[in-house]
Structure formats: structure tokens, C-alpha cells
Amino acid sequence: MKKQILSLVLLSFFVATSYAQLRQNFYQTSCPNVESIVRSAVTKKFQQTFVTAPGTLRLFFHDCFVRGCDASVFLSNPNAERDHHDDLSLAGDGFDTVIKAKAAVDSNPNCRNKVSCADILALATRDVVALTGGPSYKVELGRRDGRISTKKSVQHKLPHADFTLDQLNTMFAFHGLSQTDMIALSGAHTLGFSHCGQFSKRIYTKSGIDRTLNTKYALQLRQMCPVNVDPRIAINMDPTTPRTFDNVYYQNLQQGKGLFSSDQILYTDNRSRPTVNLFASNNNAFNQAFVAAMTKLGRVGVLTGNQGEIRRDCSRVN
């Protein structure tokens, strides 16, 4: 027992030491224009396709929850994270956004091979949130890229569409994130889409329709996702303002329009409902909580100093 406690203490010290080395002006001397370079590349990609926004945001979350924010999700090998079934639906446009931003950064002779893929992903995520109407915020930098990516490491590390509040809280708490952080980060579902196969059990149950789901909304979903439809058909996560980063996601939950049961549980469970109501009525409160949660998320499992590398190609170790 003493050994376990000591291990936890040492792990906590290691994690705190790692993210303590992150700072907002990390590239002030080595690549002072990195933020404007990344923002320009991300904006150009966003103008080409809206999927840039939800794709990049989801990619950041998936990367940080597996092995930490180390860009390991980008690595390609016969047994990589991105080949796990939980990552197969990650949008190619999310990967492409970071790859293009990395190329733009490295095209500057002063910046070449000085900025990690992990940091570029963090910056690009901030930029797509702002481009869709959400808050712009300062990003801590100084992450190194990881050298390991395995399919096995993804198992049981990402939340599923049918998670209960307890399951969500347990998974997020493992990364030092509170219930409020979890609810704020769930607000990212204000953007993007899912697929019929992810929620079909809610609209086609033995007793009809999931009782926590708005009936009119459920019937609309049935029209878009009829029985035996291709399970990959895309459906907006937010049926009201799917292209705007706002607090309407929480207002939808109040009306029984959470697409996943893991969304709707945030309102139906009395322990989390007050926070949903706060965010639904106060967009500023949501934005502030989201920025705080994203900052904490960006510190999860980071590699700094000599712990990792700065990849020349995001998809391969040097």
C-alpha cells in the first residue's frame, strides 16, 4: 500500500513538473510568429471546409485522453492509435489542418523543426473554436511529441455515447478534470456530427423511443436514420446551431435534444443539471468554463524538455 501511495505521489510530481514547464511565450525567441502562422493556415483550411473545426477539436481531445497531449494520434504504423475503432471516425480534415499548419510553420527558416506537432494541434484547436464564434484564449506551449502510438493504448480511454454520469466523471477525473470541466468540454458537441450507428438504440428501443429523448426530435432522427440505413450517415450533434460554437448545446439538453445518452444524462441527472442550466442561460459562464477546462486538458500527460521530440513529419518519429 505504501509503495502504491509513493508511486502516486511520484506520478503527481512528474505530471506537475511537466506541465509547469509549459508557458504561453515558449516560442518567443525561437519562432515568435508561430501563432499567426498557424492561425493563417487554419483559417485557410476552414474556408475550404467547415469540417476543419469539429475535426480538429475532436482530434485534440482524442490525442490528450490517450497517452497525453503528445500528438501520438498522428503517428502511422501497423498498430497505431488511429487504427483503433474509437479513432476510425476521426475526420481526415482534422489531421490535414495540423499537417498544413506544420508545413506553414516549417516553411519559415527561423521556425523549421522548432515547433512540435502537439503544440500546433493545441493552437489549431483554439483557432477553430474562435473561427466558429467561440472564445479565443491563450494557449500554453512547450509540449514535445511522443514516440509511441499503439492501438491497445486507446482501449477504455475514451468516453462512449452511452456513458453514465459516473462513468464520465471517473474517466475525466483520471486526467485531473472535474465534473464542471467535463460538462464544459462536452459543450464541444455544439459543433460537428455523429453517425446513425452511434445513437440508433435511443430511437429504436424495444419499448419505442428512449424516454429521455424529445419525441418530436426522435421522430426527425428516425426519418434521417431509418432502420437498416448506412450507419455512417452523418447527423449534426447540435440540431439548432450546428456551425456555431455557442451554449445552445445546453439549451438543447433542457429540451431533451441531446443526441447521445451521454449528452442527455448531463441534464437528467440531478447532480449535473445545475451546471447545464447555468451554461444554458449564460454563454459567458460557459465560455469561461470551457477555456479553463481546455487549459487543464492541454496539460494532460504532456512531454517537455528531453522527454519527447519535435517531429519533422507529424506522422513519423524522427
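Cβ coordinates come from backbone N, Cα and C, glycine included.
Of the cysteines Cys64, Cys69, Cys111, only one is given by TrEMBL as the disulfide partner of Cys31: Cys111. The disulfide bond recorded by TrEMBL for Cys314 joins it to Cys117 [selected from Cys64, Cys69, Cys117]. Using a 10 Å radius centred on the Cβ of Asp246 (Ca(2+) 2 binding site) and all shown protein chains, the other Cβ atoms total 19. Within 10 Å of Asp238 (Ca(2+) 2 binding site), judged by CA to CA distance, lie the following recorded positions from the set Asp63, Asp70, Glu81, His189, Cys196: His189. Between the alpha carbons (Cα) of Cys196 (disulfide bond) and Cys64 (disulfide bond) lies a span of roughly 26 Å.
Within 10 Å of the Cα of Asp70 (Ca(2+) 1 binding site), the following recorded positions from the list His62, Cys64, Cys117, Thr241 place their own Cα: Cys64, Cys117.
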